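Trainee: From Swiss-Prot, here are the annotated features:
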BINDING   22, 23  phosphoenolpyruvate binding site
BINDING   98, 127, 128, 129, 130, 131, 313, 335  UDP-N-acetyl-alpha-D-glucosamine binding site
MOD_RES   122  2-(S-cysteinyl)pyruvic acid O-phosphothioketal
ACT_SITE  122  active site, proton donor
């Protein structure tokens, strides 16, 4: 099993290219099933979850080709949905990735039936699919859960437009309903919709392919269904969580970094907290520069919340920052009930963290000490790498398959910035 070895103590300097967003490309790949001709998606990151989704699409019968592209634009994937015949998404492929549930809406909407195994993925809390099911039922779907599968059908041949109010904000629930509504008969209204940039990116992709969508990025999305989407090309937005992770890494190590082709407007909450921590940040239309040369960060307080609040996917990275910051930082997790699993591993490195329910109180220390640690989920693995970058000695991070689900070549990108980091098999 692969491990990552980090030797701390080197500030990060230089430029880095941010990959396409994992949480945008997965629903967009699912959305290609709504088209009646090939669709090309560019700026696709090479991630374990992306490969899993490609395998799922192929299992359904879709033709999928991957083009390496050029460094500046990333890979492209062309999906030809015209050969889809299968309606069952098997557990063997679904078990490692929660986003597989996003195939439910497109399959049901286009083919009138779908069976999707209940999904797997990171073990960071209960993320039930009941909102997906109730949303699709509001469009006329008949759904049961049997033997570990969500079984859905449409008795009248085509989903009908309807109105649905989410009980709680759900990103993937919003995406599933949005895709299904795009080819439903009539107008659908989605209330209390997720406002994340990845939802907006999906909507913009659907519009590019011929969908009629208004209000994406607000709590109310209106979709006027069309019969089928068309062929087209779309570029995935840059990954805001990868962007934030590299910014935090640079702030922790006292370095300087420049990023091009990013979306600063999707990172307001993160950039605000980095400024509070003492970083000097310059923002352009599609660029970010952060300078923390020779300075120790200050602790920050934060509470995770749905967008545009502070993203839960950046909580672990900021906890790592608070571990070596000056002062005491308080972190409240409100999205997932089990997302402090990285704390025990940070404690092994010498961090001072006290957990009180859904709150972590972090007393910054001047230095951490390298030690063997174990990744427990995707973002926790990133936080351990960040901690290793500032720890004395070597930090060996085990179970990094979590990392490969969401970060493309993170050790190579950090190495270009000057980090002493390598993958060991």
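Placed from the backbone N, Cα and C atoms, the Cβ positions cover glycine too.
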Trainee: Across all chains shown, how many C-beta atoms besides its own are within 10 angstroms of the C-beta of residue 128 (UDP-N-acetyl-alpha-D-glucosamine binding site)?
Mentor: 11
Trainee: So, in DSSP terms, is residue 131 (UDP-N-acetyl-alpha-D-glucosamine binding site) helix, strand, or coil?
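Mentor: Residue 131 (UDP-N-acetyl-alpha-D-glucosamine binding site) sits in a helix per DSSP.
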Trainee: Pop the Cα-Cα gap between residue 23 (phosphoenolpyruvate binding site) and residue 335 (UDP-N-acetyl-alpha-D-glucosamine binding site) into the table, whole Å please.
Mentor: 16
Trainee: So which one is it: of the binding-site residues 23, 131, which has the fewest other Cβ atoms within 10 Å?
Mentor: 131
Trainee: Return only the integer: C-alpha distance in Å from residue 98 (UDP-N-acetyl-alpha-D-glucosamine binding site) to residue 23 (phosphoenolpyruvate binding site).
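Mentor: With distance taken Cα to Cα, residue 23 (phosphoenolpyruvate binding site) is 11 Å from residue 98 (UDP-N-acetyl-alpha-D-glucosamine binding site).
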Trainee: Let's check the environment of residue 313 (UDP-N-acetyl-alpha-D-glucosamine binding site): how many other CB atoms sit within 10 Å of its CB?
Mentor: 23
Trainee: Using only C-alpha positions, which one of 128, 129, 131, 313 is spatially nearest residue 23 (phosphoenolpyruvate binding site)? These are the binding-site residues in the record.
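Mentor: Looking at Cα distances from residue 23 (phosphoenolpyruvate binding site), the smallest one goes to 313.
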Trainee: Among the binding-site residues 22, 129, 130, which residue has the largest number of other Cβ atoms within 10 Å of its own Cβ?
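Mentor: It comes out as 22.
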Trainee: To the nearest whole angstrom, what is the C-alpha distance linking residue 131 (UDP-N-acetyl-alpha-D-glucosamine binding site) and residue 22 (phosphoenolpyruvate binding site)?
Mentor: 22
Trainee: Quick one: pull the CA-CA distance for residue 128 (UDP-N-acetyl-alpha-D-glucosamine binding site) versus residue 22 (phosphoenolpyruvate binding site), whole Å only.
Mentor: 20
Trainee: Among the binding-site residues listed here (129, 130, 313), which has the Cα closest to the Cα of residue 22 (phosphoenolpyruvate binding site)?
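Mentor: Smallest Cα separation from residue 22 (phosphoenolpyruvate binding site) among 129, 130, 313: 313.
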